[in-house]
């Protein structure tokens, strides 16, 4: 499941999980993640996991649907071939909210086995079948269950969706979302990732509908009552969470790939978007072939379909042979779409196709090690994505979009290890740690071992474990084999010893680099980095790479040496001339932060000011991110971070600016200073000065043959420059906004919000009211949200107060969609000092109405908590405020 995290304008801590931490002795290799369970027979279960007394080998599933008639109930039966692993009088499987009509059990001779009864354990989501006689170990049985269900409305299990057809009518369709534990909501099954079986699937639908599933159709039979039955070919052995089927009236476009194997690919979507299918189909074909070549592993199914749904949870789902997407991650109008929309589609397709190998072909034994799915998918979505679309700087974007976000989350005291055992709230494991840290640790090992060695190890991992369930030890063994062959590790350690701390403990190290005066020695120190609490004395095996400015290096990410676990410091002979700078962890391939002594920081800052392009763009982004986090954690003086950020006045590259504008960097400072007018004006002055050159160079209009990422950069710099008070930005944005509202000029969609936000900052009352009317007349939720956000950019107290008052119900004809009141309030108080003041004044003026209408709502309480927290941030910034004021005064 893709989960491409967007950095939002709020405390980064919301990404962390609050579950109990998983403990393990860091000096030992990981233990098995299997848990000991009590006996099944006649006892209560101590675990939510299935007992291991029986396993399925094959499912024969039939479902009868009538969604084409607007009937959301369905019936079905399932025949499960079961092997008994130990003597028992119970068969235990999963079932949630299925109406069980009949249960029968047959032996291998098709003789019926007498049952005592069957019962549902609602708490554990078990269906327990009790037999009269003992089922003997090694014997095989067929469990036949008839059941009925209803299409769900929560986007899990077998659920229904609706869309507006081209003729204006509403069309109902159905689809599945089984990961992590929702197959049991659709039909009774053994719903754990390590349990694999084959599936024969048959589903009925209306004549004008089409059923799709993991495998190609084996045949279609016309039935009575204007229905048809589709039977699919048998699947390979697979876990239940990868089973998928859809019932739609969609059109499709297909292609057949011939080399190295024959593979049919199809994209399905509603007919109104038939002109948006091409990119997804084309890039899908390129992606699967690139992945097959990279992993030296052929995709094993005869087809690989993609289907565009609406409001798909999680963005996309990697079902084997039938990948389901939210339509915005698969469909692209190539004539009107922004570069970022195309980028999102490409990277999502690659992510889901990586799962066809990591997750589908090789599956973790339990959700504990979900990173073996999602970490690999996150890493390779960028690295293979760069091969699929070379015009996009995917490899560089990994550092700022994935790794730096993971570092922010992983430095909180609410973080957790990558490998984390839980049996409840499995959805909480699909988080930044699993995806972004998982991908970052794998990327680090890719560079630490060398890309050739790492690739060799990954190919062995897939080849030796395909069609089975794995844990991290299986990965360690494959990488160890390759590393030994290529002599890529110190003799004193192993891949398992190196990776265990990164996987089984939360957090990461800070490497501090110090020059030894009057010598050619450099001291490297390591300790645990934490922003909010005293660091522990934990240590890691750390691959150290560095770049000396006076030397040329063929591979700047090559590991020069390893800092051993247990060693708090290492002294290394490096001749650093007085006119040279030393850059550690260039291109930020290692999952750690870097600090320098005062002299090394001085040299780096000097280089940034003299010729910042001599330092790679990703390393500049790393310096920006590390400097602010180190200052926040009181590891360096605020003056040092401030001097690093001043170089941005000459920066025009997207990658460093992405890091600078992030919610845990400049946006974090913005949130902290917004409560105090004088300090905030100084902050605005500083940011307006460092963004001035960039704004002048980018402007409002696209240039011929400009880089792919300039669209995103232009949108960011317009909004920030206007917010920070640039008169030329606000005037230009206002003119463009008015021209667009008048229908005189069309704005590219990617820039529209930034232009409208900037244009509204000093808009007239007539402009404010005109945009409010445009918002009210719009029926598109996404477009309405954009207008709400733009209206909140205004800085007029009177306008904003009237705008917020509509959330209370004013007696006027104002139409608000569900939760738009929340977007309105957030758009006002979260942007600028004037907006925050307007929010404060509005609350005082309308206190009684707020108490009556909004205060009972949890969402409003969350706003108040965030508003209050912003006041608490300010005390953290006093030294920085002094620097900003001095800068403004000078």
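Numbers run from 1 along the shown chain.
Backbone N, Cα and C atoms are what each Cβ position is placed from, and that goes for glycine too.
Curation does not apply to TrEMBL; its annotations are automatic.
If you check TrEMBL, you get these features:
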type	residues	note
ACT_SITE	352	active site, proton acceptor
BINDING	351, 355, 374	Zn(2+) binding site
DOMAIN	55-242	domain 'Aminopeptidase N-like N-terminal'
DOMAIN	283-502	domain 'Peptidase M1 membrane alanine aminopeptidase'
DOMAIN	582-864	domain 'ERAP1-like C-terminal'
SITE	435	site 'Transition state stabilizer'
Top Cα neighbour of residue 435 (site 'Transition state stabilizer') in the set of recorded positions 351, 352, 355, 374: 374
Inter-residue C-alpha distance, residue 352 (active site, proton acceptor) and residue 374 (Zn(2+) binding site) (nearest angstrom): 10
Among 351, 355, which are binding-site residues, the residue with the most C-beta atoms within 10 angstroms of its C-beta: 351
Surrounding CB atoms that lie within 10 Å of the CB of residue 435 (site 'Transition state stabilizer'), all protein chains: 28
Protein Cβ atoms within 10 Å of residue 352 (active site, proton acceptor), excluding its own: 28
Other CB atoms, at most 10 A from the CB of residue 374 (Zn(2+) binding site): 28
Within the predicted model, mean pLDDT of the domain 'ERAP1-like C-terminal' (582-864): 94
